[in-house]
Amino acid sequence: MINKKASLYFPQLIIFALVTALYITNFKSGAYLTGWDNLHPEFNFWMNIKRSIFAVWQEYQGVGLLGGMGHAAGLLHQIYIFILSLILPQNLLRYTWTFLCLLVGGLGAYQLSITTLSAGKEASFPKRLAATTAGIFYIFNLSTLQVFYIPFETFTAHFAFLPWIVWSALRFLSVKSWKSLLVFMLVSLAATPSYYVPTLFLVTLLALGLLSLVHIVYQKNLQALLNVATIFVSTVLVNSFWLLPFLYFTFTNASVVPAAKINQMSSQTVFLENKNFGNIQNVALLRGLWFDRTDINLSGNTGYLMANWRDYSYSLPFQAAGWITFGLIIFGLYSALKSRNRLQITAAALFIFAFTMLMVSTPPFSWIVTLFRNSLPFFTEAFRFPFTKFSILASLAYSLLLGVGGLSLVQLASRKLFKRLSLGAILFLLITYLFPVYTGKLFWVREQSKIPQEYFQVFDFFKNQDQNTRIANFPQYTFWSWNYYWWGYEGSGFLWYGINQPILDRAFDPWSNYNEGYYSELNYALYSKKPQTLSQVLEKYQVNWLLVDKNVFSSINQKTLYTDELKGLLEKSGKATLVQQYGNIDIYKVNLDTQINNFVFAADNLPSAGPKHVYAFEDKTFSHNSHYSSGENYYYPFRSFRDQSFEISESTDTYTISANVPANAASPVFPDESQELPLPDPKDLRNVAYLGPRPRVSNNKLEVNFPKVSGYFSASIDLETTQQNKYCTDKDPDKSGAKAVTIDGKNVLEMKSKGAVCGLSVWLPNLQHNFAYIISLESKNSKGQPLFFWLENPISRKADIEVYLPKTNNLKTTYLIQPPMEDDGVGYTLHIENRSTGNDLTINDLGSVNVYTFPYKYLAGIHFGDEQNNQVQTQALETKHPNQATYVVNLKDQLPKTIVLSQGFNSGWQMYETSAPLYLAPFIGKKVTSHFLVNNWENGWRVDNPTGSKLVIIYLPQYLEFAGFVFLLLTIAATTILDVRRKTH
């Protein structure tokens with residue numbers, strides 16, 4: 001009896017032993033498992049848990065933003081890690097979580113496989129052995145390797161809980177009891193950390209939808225429909241505490257995500273990288289895009305991210321083992337379909353769906369994916385990484401069918417011993433399949449680093465400062481939210497898990513254009529070396545601290561970081577004072593003129609200015625007036641040269657730039673003639689004449705004409721002679737290259753690439769950086785990605801402009817503005833690249849390319865409205881800030897006209913006059929309706945003769961999360977009560 005019971009748990013013991021061996025062989029003493037994308041609640045448990053309870057408004061993310069991910073879904077992960085912290089040291093917590101996910105996932109795949117093979121009956125030894133094979137394969141396959149090689153909690157949790165969700169759903173559909181429903185709910189709740197990236201929730205719903213569809217087809221009755229509906233309603237209710245806020249973001253703010261610079265530059269490329277692996281050779285072995293991804297290793301050299309595994313996965317022994325395994329999986333698919341067993345058909349359905357979603361470059365599967373991408377814009381952005389989203393589901397389906405195939409194969413054998421030996425051989429094959437994981441190669445080498453003590457000193461420093469202040473971190477040399485550290489770390493960042501104060505980091509830009517607006521202005525101030533402009537940026541965004549981390553290095557050039565230049569600018573401006581140094585980290589205190597308390601201040605005599613804009617190089621309105629509100633006291637028609645909310649046209653020798661102005665606009669004010677359009681004497685460059693723009697206002701439209709000043713400070717690129725400056729990473733002229741062709745009588749350069757980057761580099765040594773330039777590029781996109789243009793600044797060694805030209809079928813001219821930069825700089829390099837990712841052919845035509853001086857300061861200074869001498873006055877108010885969604889302003893004798901909340905503008909912020917408890921304010925308080933934009937990013941309200949003793953500012957969408965918690969508790973409580981009542985009766 002004992003032996004029989006022991007044999008029942010022998011498969012679980014095998015899986016436990018294998019995962020334990022992985023832990024021992026891959027653990028690095030003293031190191032943290034950190035890097036890439038990571039969560040580190042252990043740096044400050046209570047702070048991170050509180051953020052998850054009040055998760056709708058992400059205060060710590062830059063200027064503050066509506067959360068665009070499933071932030072509240074991280075709550076249970078934080079609780080799991082806290083429990084582990086009671087017995088483990090801090091550096092072991094993420095290691096242990098990661099290996100527990102491997103263990104739980106492997107056991108779940110085993111349990112699901114047993115259910116699939118035995119249909120609820122007692123499993124024979126061959127079936128348990130086949131299920132063990134499935135559980136082991138789920139752990140040891142290339143998909144799982146890629147998930148755990150650069151682990152991110154949301155994906156490791158998805159790996160762990162997906163088998164259990166499918167198992168508990170199938171169990172409920174079979175048993176149909178309150179207890180089985182309760183088990184499904186509890187498993188779904190435990191799995192919520194998977195949905196920090198919400199698209200994985202959609203993957204789970206699709207998996208549940210497939211198994212539900214199979215169930216309905218087999219049962220063919222109303223009860224089956226009711227049971228399926230119960231599963232989906234339960235799933236939504238259990239997940240509603242994070243799902244409702246995410247849906248609110250999706251319906252009100254989702255357009256921000258694809259518009260973010262980082263996504264504009266990467267989304268299509270990332271999908272093409274996935275597409276390169278969407279063929280049978282790779283999908284059969286679950287090999288994904290990470291095998292071709294390059295990165296910087298610890299020696300500072302660029303190489304393949306998975307260099308060792310790349311060689312191993314293409315070796316003959318692995319290929320042989322992989323294809324034998326895939327053959328068994330296909331045999332399992334055949335056996336499952338032939339069996340007509342509902343559970344095995346479910347496994348087959350999961351396989352067919354996941355396999356289709358990965359085969360993104362192989363017809364007819366690719367036609368289905370293309371249909372989704374073209375008809376559903378959300379699908380395009382959400383599933384730009386199809387491999388990371390669907391490979392776990394695929395590996396689970398592969399595992400189940402491997403169990404079916406292995407069992408079916410041995411059942412063909414006639415002898416019992418041979419059957420066991422056959423399954424034993426399969427087990428041995430799987431254990432040795434990814435044998436290098438037992439030599440310490442489960443994680444990428446940069447994932448295991450010893451975090452320097454100075455970072456924990458920084459955490460402690462900020463614990464003792466005002467918690468409601470804002471930090472600007474440096475270096476800020478690129479819009480890419482990715483940093484490299486000399487001590488080993490590489491990834492999207494970790495400081496905010498140990499620091500409560502908001503940090504203006506690029507990791508948060510995809511969910512807030514106000515964060516991107518800050519970066520645009522800061523980047524220009526720093527790299528144009530303008531101390532006064534830098535001071536204005538810090539003042540405008542109410543930055544209290546600067547954190548300069550000199551452990552960060554640039555993957556391009558160290559000069560790009562500009563840490564010394566930043567120090568010099570701060571010394572010149574006197575705006576910030578160095579107050580603390582910890583190793584290579586400097587902390588500055590910013591001397592703000594704005595009187596602010598708990599992110600709230602009063603501002604009187606605010607002028608208004610328009611139009612609204614998203615991105616600008618600098619905010620002339622703020623530099624002229626200090627704080628301002630949205631409106632039209634002042635109207636700057638050329639307020640932003642990045643948004644380009646104006647039209648540009650040209651003739652042979654003139655540019656015309658035009659913009660609409662309000663019908664009720666005041667008289668225009670034109671700046672004095674600026675020296676921005678120089679015309680040097682070719683015989684003596686010291687003799688310079690300056691030409692001027694010519695403005696005209698008519699019919700609510702402003703037009704400014706300015707000449708194309710040819711000569712020393714201009715360039716017209718000759719495509720014939722420029723070809724000597726071309727380059728190509730593919731030397732095969734049949735695949736890639738450039739040649740002169742004619743389109744509609746116009747000479748153009750046809751650029752062609754396949755799996756390569758081909759381009760032109762044109763060095764323009766005469767262009768002085770103290771002038772602004774307009775760059776015009778004529779292009780046509782015939783196939784693949786459009787042309788990529790970047791402007792290299794030799795002083796900063798960075799790209800001042802990076803952009804894909806329009807995807808157009810006809811020759812079209814794009815105009816780009818390069819603002820005046822540092823006074824002592826000279827020379828720019830134009831780079832025009834034809835990029836092909838994978839095996840897709842890219843064809844573009846390049847027409848004329850011209851560079852002329854541009855009257856940037858003159859245009860930026862044009863405004864409609866008389867100068868006002870009213871001095872803007874700010875005042876700190878007595879304010880309480882109990883949580884991320886609530887502010888209470890005690891008025892007393894203070895009667896400010898305008899109250900400003902230093903958080904990213906969002907209509908969800910509401911102000912109420914009340915004397916009642918603050919949480920009742922939305923229901924019984926008097927709403928202040930005059931909500932408007934201040935400083936082009938924050939919230940303002942005009943308050944006239946308030947009737948209450950206090951003002952309450954609440955982020956109303958936070959109630960969605962609270963409602964979700966209520967739904968969750970009521971759902972589980974009601975199901976528990978019904979189950980107990982069933983037992984008692």
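Every residue, even glycine, has its Cβ placed from backbone N, Cα and C.
The transmembrane segment feature in TrEMBL is assigned to 6-24, 60-83, 95-117, 129-149, 155-173, 202-218, 225-248, 316-337, 349-370, 390-410, 422-444, 959-980.
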Test the contact criterion for the transmembrane segment (959-980) and the transmembrane segment (202-218): 3 or more CB pairs under 8 Å, pairs 6 or more apart in sequence, then answer yes or no.
no
Six or more residues out from either end of the transmembrane segment (60-83), which same-chain residues have a Cβ under 8 Å from its Cβ atoms?
39, 41-42, 45, 48-49, 51-53, 93-94, 97, 153, 157, 189-190, 192-198, 201, 239, 241-243, 245-246, 248-249, 252-254, 256-257, 470, 496, 500-505, 507-512, 514-515, 518, 541, 902-904, 906, 908, 937-938, 957, 961, 964
Are there three or more C-beta pairs under 8 angstroms joining the transmembrane segment (349-370) and the transmembrane segment (129-149), sequence spacing 6 or more?
no
Outside the transmembrane segment (95-117), six or more residues from its ends: residues with CB under 8 Å to it
11-12, 15-16, 18-19, 22-23, 27, 33, 77, 80-81, 84, 88, 123, 127-128, 130-132, 134-139, 144, 148, 151, 153, 156-157, 159-164, 166-167, 170-171, 343-344, 346-347, 396, 399-400, 403-404, 407
Run the contact check on the transmembrane segment (390-410) against the transmembrane segment (6-24): 3 or more C-beta pairs under 8 Å, excluding pairs closer than 6 in sequence.
no
Same-chain residue ranges lying at least 6 outside the transmembrane segment (155-173) that approach it to Cβ under 8 Å:
77, 97-98, 100-102, 104-105, 108-109, 111-112, 115, 138, 144, 147-148, 180-181, 183-184, 187-188, 190-191, 193-194, 196-197, 200, 203-204, 207-208, 211-212, 215, 224, 227-228, 230-231, 343, 346, 350, 388, 392-393, 396
